[in-house]
Amino acid sequence: MPSLLLLFTAALLSSWAQLLTDANSWWSLALNPVQRPEMFIIGAQPVCSQLPGLSPGQRKLCQLYQEHMAYIGEGAKTGIKECQHQFRQRRWNCSTADNASVFGRVMQIGSRETAFTHAVSAAGVVNAISRACREGELSTCGCSRTARPKDLPRDWLWGGCGDNVEYGYRFAKEFVDAREREKNFAKGSEEQGRVLMNLQNNEAGRRAVYKMADVACKCHGVSGSCSLKTCWLQLAEFRKVGDRLKEKYDSAAAMRVTRKGRLELVNSRFTQPTPEDLVYVDPSPDYCLRNESTGSLGTQGRLCNKTSEGMDGCELMCCGRGYNQFKSVQVERCHCKFHWCCFVRCKKCTEIVDQYICK
């Protein structure tokens with residue numbers, strides 16, 4: 001009997017530890033700036049053990065690649081900022097919480113919003129690591145070694161220092177996915193379905209950066225004659241990556257886990273998602289009202305657009321509760337003039353405008 005009690009207690013503690021780990025995230029590196037590589041003292045382990053939100057596997061990678069951690073933090077921050085831009089006019093606006101969970105309890109639900117957040121943060125890491133390689137900030141990588149594109153004109157040179165998106169992709173996959181791959185849930189369980197969902201969306205985010213990287217060229221020659229061009233691989237602007245992932249969010253596929261431990265479409269009439277698509281396993285919670293159990297902050301106090309019929313319009317944003325009007329003073333640059341040579345001088349103009357907030 002005592003042995004059964006011990007086994008039950010151990011299982012309970014293991015579940016509690018898993019829940020505690022899941023409540024935190026490596027995303028918290030965005031909110032807690034990581035020291036630059038040159039600032040590390042000898043011996044990485046104490047530094048890595050103090051970083052919040054890392055899983056055991058990610059902590060080991062931190063010890064092996066300590067100089068990467070600052071750029072993982074930058075990538076997470078880039079992803080969060082892009083998330084907030086893309087959802088700035090939605091009921092859920094990608095708000096962050098002041099703790100290691102970053103987004104609060106809302107991320108415990110396998111919704112479309114969670115899918116997008118995983119994708120855009122994984123994309124942010126690929127972006128940051130790829131660029132750090134090009135800039136010579138990491139000892140394990142350098143400029144891109146991508147083969148010369150076949151369609152590049154023969155007289156154009158290939159070999160400028162490009163963004164190392166291959167390395168960025170591989171490292172982001174190893175680090176970001178480590179958290180999911182070390183989990184061991186029963187095959188066909190809801191928990192395993194959530195792991196598969198996260199892995200799919202992480203991959204979709206990484207592929208968005210990888211696929212959108214393109215050839216950039218610079219002209220050389222007397223008086224801008226462009227008699228010679230040097231070309232290299234360059235990352236797309238991250239805003240374009242965010243736009244692409246937002247499109248994937250809008251067309252995300254509803255999935256469920258099978259007994260064999262695979263994800264399948266809830267509606268088999270829809271097209272099977274590719275590795276570049278987002279998937280979700282839970283319906284989105286009600287973002288209209290504040291709900292501590294789901295993590296929804298509600299829309300009370302949010303600004304809305306009285307004349308818009310879209311999601312930012314007062315009718316939809318305020319969920320039919322109505323809105324309050326108030327006057328706001330806005331200061332803008334105006335009457336700008338160019339002076340030779342070479343600067344622009346502007347005046348400051350104030351304007352009183354009507355604004356609206358949800359009840």
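From the backbone N, Cα and C atoms, a Cβ is placed for every residue, glycine too.
Disulfide annotation in Swiss-Prot: C319 is bonded to C288, selected among C231, C288, C349, C358. Nearest neighbour of C349 (disulfide bond) by Cα distance, taken over the disulfide-bonded residues C161, C336, C342: C336. A distance of 15 Å separates the Cα atom of C319 (disulfide bond) from that of N291 (N-linked glycosylation site). Proximity note: of the listed disulfide-bonded residues (C83, C94, C143, C346), C346 have a CA within 10 Å of the CA of C334 (disulfide bond), given in sequence order. Cβ-based neighbour count (10 Å, all protein chains) for C349 (disulfide bond) stands at 11. Taking the C-alpha atom of N93 (N-linked glycosylation site) as reference, the shortest distance to any of the recorded positions C217, C231, N291, C342 belongs to N291. There are 6 other Cβ atoms within 10 Å of the Cβ belonging to C342 (disulfide bond). Neighbour density around each Cβ, counted as other Cβ atoms within 10 Å, peaks among the disulfide-bonded residues C141, C143, C226 at C141.
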